[in-house]
Amino acid sequence: MSEKIEEPQQKGNLEVEEAEHHEHADEISPELEALLKTDPKHGLTTAEAAERLARFGPNELAEVKRNPLLKFLGYFTGAIAYLIEVACIISAVVEDWLDFGIILALLIVNACIGFIEESKAESALDALRQTLALKTRCWRDGHLVELDVSALVPGDIIVLRLGDIIPADGRLLGIGATGEATEGDLLIDQSALTGESLPVAKNKGKTVYSSSIVKQGQQMAVVTKTGGDTFIGRAANLISITTEEGHFQKIINRIGNFLILITVVLVLIIMVYQLVHFKDDRRGKFMVVLGQVLVLTVAAIPVGLPTVMSVTMAVGAKQLAAKKVIVKRLTAVEEMASVSVLCSDKTGTLTLNELTFDEPYLSNNYTSDDILLYSYLAAEAGANDPIEFAVRTAAEAQLAILQGRTHKHEVPGFKVTSFLPFNPSTKLTQATITNLTTSSTFKVAKGAPQVIIKLVGGDDDAVRAVNSLAKRGLRALGVARTVEGNMDKWELIGMISLIDPPRPDSAETIRRCNDMGVAVKMITGDQLIIAKEVAHRLGMQRVMLDAGHLVDSTKSEEEVTEHVIRADGFAHVIPEHKYRVVELLQKRGILVGMTGDGVNDAPALKKANVGIAVHGCTDAARSAADIVLLAPGLSTIVDGLVTSRAIFQRMRSYALYRITSTVHFLMFFFVVVMAYDWSLPPHLLILICILNDLATLVIAVDNAQISQHPDKWRIGQLITMSIVLGALLCALSFAHFYIFWKVYGYEPKNSPHGKDVTPEMKVPDELRKLESIMYLHISSAPHFVIFSTRLTGYFWENLPSPIFAVVIIGTQIIALLMVIFGGLTPKVPAGQAIVVLLISFIYFIVLDVVKVQIFKRWSFKLTATFVPTNARRTKLSERNAAEIQQKRVWESIDQVRKVAVMTAVVSSFAEKSAVVEEETK
């Protein structure tokens, strides 16, 4: 609510407190300083420029491009990929061309999905280069010439004018293009570099940064730094060194390493055993044994794991694209689900990056509409000034008198008869106005608060109001007019307050992120007081710290990290600081998201697990990010969180299913191969592998249970659960194996395979019915388990999507028909086949109960006990210490409560005793 002063203004001698602008200090070495003594009227000579160009290099950012072919080949790396490639090579060696073709196709399909989805990503360094000016005016050999920006060197004298993109870091000289002294400051918009919402006034001796924009004034400057040494160049260097392996790739590799370990160990044991045991037989030939273990290896390893994961993420990326969220790096879809801290730039991300009219301070019974009208009358039409633009925009939006005008520069009922534009020495604009209704004339002045207060003869209340606004980070602008009938006597109308306001949806987005377990931290290059004011308006806590805490040499890295975790944000940061915040959080094992729009955000966007560039961002931010928002505001980030968590649940359920299947497969066949030299024919093993994995691709469109907290890959839990479920499946497999062998007489007989096998050596179909029974069982029992692995709770709590259920069940009906009618397998009675399928379906319900009970009893302590590592032991001891400390705190609180209750009881008893005693008297 606007503050109105009813009584006459109070005169006084209070002074307006000047807001101090804190700016990053640029260090210049003595050697470089010696090169900056160039004569401004002459500039460098051609020879000097050539010598310095050879020494410092061109004023451009080093280009680092990755070969597209190498990028494509990069999708063939990783633990699982390497094992599949080895299997592919072995299949070629043993001339198993069917396996070779299938495996090679899976590898290529997986690589193509990743490559195509990420092919639109651009180089962040290219975009940084494009933000630089292309040409600049520079003094060389006594002449003002136009040069390519890349030709600038330290010591060059450049001319900066309104609208110029500054081509290199430089120091202002305080003189104009022809050597004349200049009045006033150069107004610089460096929001894309530093995150400051307001243009910064700079005068002689101050540093201007490459890629910032001149908004007002003109001056010459001497170039101090070029190329990679500039402020923006250091940001580029930070981006180029950020090449860490993604979180998702680490998880896939850990799963792959486990599966590879058990597969290779068991397969090698089988291979050695058969080579030794059957050394005098055809079955002991190296190529025969190699072919057999190859089939087991291909069937065991999750050849479809990378493909299913990629397709699931690609479908999620498509869903997000429909919500104006473009995914550039496919694995970011999964990683976003695990983000627990979202670091957000302020200017242009949480705020609109445009000055707007806020609640004004009013004096002498003037209204909010009055101060807007008089400000508009004293505004310079067409001035390229953000403050003037904010005033004009607010007035045109709120004042009815300015609606529906024929001429945009006229105000109905008023005529501007003279106008004095803003002068840096007077620090105000002044207009003489005629009221066309009353024919009276008056003057309006608008300018710096201290100047306007002095103009009206002083006003202590106004000074206090301005100082109060300044302490909240609001820019104030005084407005006054002359009184009726006296053109020399001024009275104060009030103080306009201007701020870069939060986006309309920012507060709600932060609240929804907090509800989903994601903490939001504001990281800004703006002033601390402005950061606190914006945080207050967004409903955030005001624990905002100066960036100096991040580089405090008196504190250990552990202490600095604690500051980062506990703080709600940081102010006065430069790109290196933003990068360090993200880095420190990641070292604590926290997955970090970063949102931003400027060049100053690019390094942190690249470093973060998930970098999010907002609508209207610079090319540099867009290229450094993993996700780009096409719609204004941050509300789509919540859509991204919801979608990514759904995708995570699908991927985790598939991973649990696939590891369980592998464990079951290896345990069962290891025993039966070693004990009975029996296995399923190669074509049936490959059929199980391919058909079931292709069917599970529909998990990408399955219903998912959205977690209210950041998801996390608990590898220890995942593997332990898989081993338990795999062992129970193995028990069912042995039951089928022995029952159909011992009860129904289906003996475990293998028909030999290979080029040297004669028709006489083959076993008749009638004696190989166990193949059909075990094929149907091994195809269906693990496959139905995916209905259970979808959730941590009971399967009926969130039923699968119809298409998912139909495809999974349909796959096993195909297997059922195959064994009933024969063809690829020997025929078996329909009744037996249907019973096998029903048992598999019912058994998944039993396993579902086991799964739920394990999840209920699982804890980090259990993980640290079963799979102990140094990190887990340390974390467990820290948690135990924290629990003990928390217990002591609650005990102390309980003791205080008891004392308080006892005190209250005693006090009450004493009061009652006093009352009784009084009544007795």
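Including glycine, each Cβ sits where the backbone N, Cα and C put it.
According to TrEMBL, the region 'Disordered' annotation covers 1-24.
Residues or ranges marked as domain 'Cation-transporting P-type ATPase N-terminal' by TrEMBL: 22-96. Per-residue pLDDT, averaged over the domain 'Cation-transporting P-type ATPase N-terminal' (22-96), rounds to 77.
Look at TrEMBL and you will find 72-94 (among others) tagged as transmembrane segment. Within the chain carrying the transmembrane segment (72-94), a Cβ under 8 angstroms from the stretch's Cβ atoms is held by residues 100, 103-104, 106-107, 110-111, 114-115, 249, 252-253, 255-257, 259-260, 263-264, 287, 290-291, 294, 297-298, 301-303, 305-306, all 6 or more beyond its ends.
Feature annotation from TrEMBL assigns transmembrane segment to 100-116 (among others).
Positions annotated as transmembrane segment by TrEMBL: 258-276 (among others).
Annotated transmembrane segment per TrEMBL: 288-315 (among others), in sequence order. Long-range contacts of the transmembrane segment (288-315) within the same chain: residues 78, 80-81, 83-84, 87, 90-91, 93-94, 96, 99, 103, 106, 109-110, 113-114, 117, 252, 255-256, 259-260, 263, 267, 270-271, 274-275, 278, 282, 330-331, 333-334, 647, 650-651, 654-655, 658-659, 661-662, 665-666, 669, 673, 679, 682, 685-686, 688-690, 693-694, 696-697, 699-701, 753-754, each at least 6 residues beyond the stretch ends and with a Cβ under 8 Å from a Cβ of the stretch.
Within its own chain, the transmembrane segment (655-676) is flanked in space by residues 255, 258-259, 262-263, 266, 269-270, 273-274, 296, 299-302, 304-305, 308, 692-693, 696, 718-719, 721-723, 725-727, 729-730, 733-734, 737, 748, 778, 782-783, 785-786, 789, which lie at least six positions past its ends and keep a Cβ under 8 Å from the stretch. Residues or ranges marked as transmembrane segment by TrEMBL: 655-676 (among others).
The transmembrane segment annotation in TrEMBL covers 682-701 (among others).
The transmembrane segment feature in TrEMBL is assigned to 722-741 (among others). Note on the transmembrane segment (722-741): residues 656, 659-664, 667-668, 671-672, 747-748, 769-770, 773-774, 777-778, 781-782, 785, 832, 836, 839-840, 843, 846-847, 850-851, 854 of its chain, located 6 or more positions outside it, place their CB under 8 angstroms from a CB of the stretch.
Positions annotated as transmembrane segment by TrEMBL: 773-796 (among others). For the transmembrane segment (773-796), the residues of the chain that approach it from at least six positions outside its boundaries are 649-650, 653-654, 656-657, 660-661, 664-665, 668, 680, 684, 687-688, 691-692, 695-696, 699, 702, 704-705, 725, 729, 732-733, 736-737, 740, 746, 805, 808, 811-812, 815-816, 818-819, 825, 828, 832-833, 836-837, 839-841, 843-845, 847-849, 851-852, 855, judged by C-beta separation under 8 angstroms.
Packing against the transmembrane segment (803-824) from elsewhere in the chain are residues 683-684, 687, 691-692, 695-696, 698-699, 701-703, 765, 772-773, 775-776, 779-780, 783-784, 786-787, 830, 833-834, 837, 840: each is 6 or more residues past its ends and has a CB under 8 Å from a CB in it. The feature transmembrane segment is assigned by TrEMBL to 803-824 (among others).
Taken from TrEMBL, the feature transmembrane segment covers 830-850 (among others).
For the transmembrane segment (258-276), same-chain residues at least 6 beyond its ends with a Cβ under 8 Å from one of its own Cβ atoms are 79-80, 83, 283-284, 286, 289-290, 292-293, 296-297, 300-302, 659, 662-663, 666, 670, 673-674, 677, 715, 719. With helix defined as DSSP H, G or I and strand as E or B, the domain 'Cation-transporting P-type ATPase N-terminal' (22-96) counts 42 helix, 1 strand, 32 coil. Only residues 6 or more beyond the boundaries of the transmembrane segment (682-701), in the same chain, are considered here, and those with a CB under 8 A from a CB of the stretch are 96, 98-99, 102, 291-292, 295-296, 298-299, 302-304, 307-308, 311-312, 314-316, 650, 653-654, 657-658, 661, 753, 771, 775, 778-779, 782-783, 786, 801, 803-804, 807-808, 810-811, 814-815, 824-825.
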